[in-house]
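Here the structure is laid out as structure tokens; the discussion comes afterwards.
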Amino acid sequence: MFGLGLGLSSLMALLIPVLAKTSLGLFVTARILQGLFGGIVPPSIMVIWSKWAPFYERSLMGNVAFTGGYIGTGVAMLLSGVLAVSWGWESIFYFFGSVGCLWYICWLFVIKESPEVDPFITEAEKKYIMTSIGDSDKMISHPWKDIFTSPAVWAVVVANFTAMWGFYTLLTQLPMFLNDTLNFNLDTTGFMSAIPYIAMVGLLFVSGYLADWVQIKGYLRTGQVRRYWNCGAFITQMAFMLLTAFATDPVLSMVYITLAVGAGAFPWSGYVVNGLDLAPSHASIIIGLSNTFGTLSGILSPIIMGYIVTDKTREQWQIVFYITAGIYLLGSIFCWFFVRGRLQPWAKIDQEKLAAKNAKYDSDKTTSVQH
């Protein structure tokens, strides 16, 4: 489903330029479908990780995976201005849509659903993964009431909403901010907008490595890592949003924005993989729920900012940064009190069943070797 979601979303990108010139209704429909196909992706990632990610490698594995997303964001911002100026706005959709479709073809040939059916890994690697996470092929009955009433789950939801509000605000508004207040042209705006996301890529590796390392060494428990990585990042981002609001120097403004976006690497070792800590068998549901609210922030943020920034003055942009800083503060407070890192009671039964199946897997392997 992960590959299919991205593949279909890329196909929609190829169709959008033609549909936009044909009919407004068809264009809007294509964009809605593109969003729906993209919505499949985050829950599908959780399903993949639940089958492939050993316990003490979840943070780094998650961050490495999401690094691609931010590399893509940086490259897209860098190239979009050049493509639009050179070949028109349509070329942006044709280029990235083609890349996505080619990626999907490669995905079909290379990626396997689980370690059990992957011919490219060794038996030792397979056993290591299975020992860590168990056999997850069995159909799971989700405890919906427990999921929707769990404060720890809602901490994941709030963290996602908080992180995505800042992410979408800068993603959609940064080029306009650079143009309105710092007077960058289209080519320069694309390049400058890409810098914060390029910086974030490097910090994603650092964040993931540190999150796993402090747990392996016993310096912090899983819940502490998730809490500190979420809250520390949100407070840092809040501070740099406020500094950006008052900065008048273009260089300082870009430094503050880059640091704010870069700090956003740390929550990816917090809330993004937290669902696997709370309930591995139900992680796809948790991330699906949280991503719904994260996407909601992506809908609300541009709309609200559009009502605020009408005259493109610095004072109006300051309000944008105040609102974003306030959301970071509220999100950090909620996460501080409700983030958890342990398997939740309502998920323990499923994990006990998986452990029993894993023990049987080891026993069967031992028997086959003896024979």
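Note: Cβ is positioned from N, Cα and C throughout, glycine not excepted.
Listed features, source TrEMBL:
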{"type": "SIGNAL", "residues": "1-20", "note": "signal peptide"}
{"type": "DOMAIN", "residues": "1-343", "note": "domain 'Major facilitator superfamily (MFS) profile'"}
{"type": "TRANSMEM", "residues": "30-52", "note": "transmembrane segment"}
{"type": "TRANSMEM", "residues": "64-86", "note": "transmembrane segment"}
{"type": "TRANSMEM", "residues": "92-111", "note": "transmembrane segment"}
{"type": "TRANSMEM", "residues": "147-171", "note": "transmembrane segment"}
{"type": "TRANSMEM", "residues": "191-216", "note": "transmembrane segment"}
{"type": "TRANSMEM", "residues": "228-247", "note": "transmembrane segment"}
{"type": "TRANSMEM", "residues": "253-273", "note": "transmembrane segment"}
{"type": "TRANSMEM", "residues": "285-307", "note": "transmembrane segment"}
{"type": "TRANSMEM", "residues": "319-339", "note": "transmembrane segment"}
Cβ pairs under 8 Å between the transmembrane segment (64-86) and the transmembrane segment (285-307), at least three: no
Paired segments the transmembrane segment (253-273) and the transmembrane segment (191-216) in contact, 3+ CB pairs under 8 A: yes
Cβ contacts under 8 Å made by the transmembrane segment (92-111) with residues that lie 6+ beyond its boundaries: 3-4, 6-7, 9-14, 16-17, 76, 79-80, 83-84
Positions whose Cβ lies under 8 angstroms from the transmembrane segment (285-307), at least six residues beyond its ends: 35, 39, 42-43, 45-46, 142, 147-148, 153, 156-165, 167-169, 172-173, 271-272, 274-275, 278-279, 320, 323
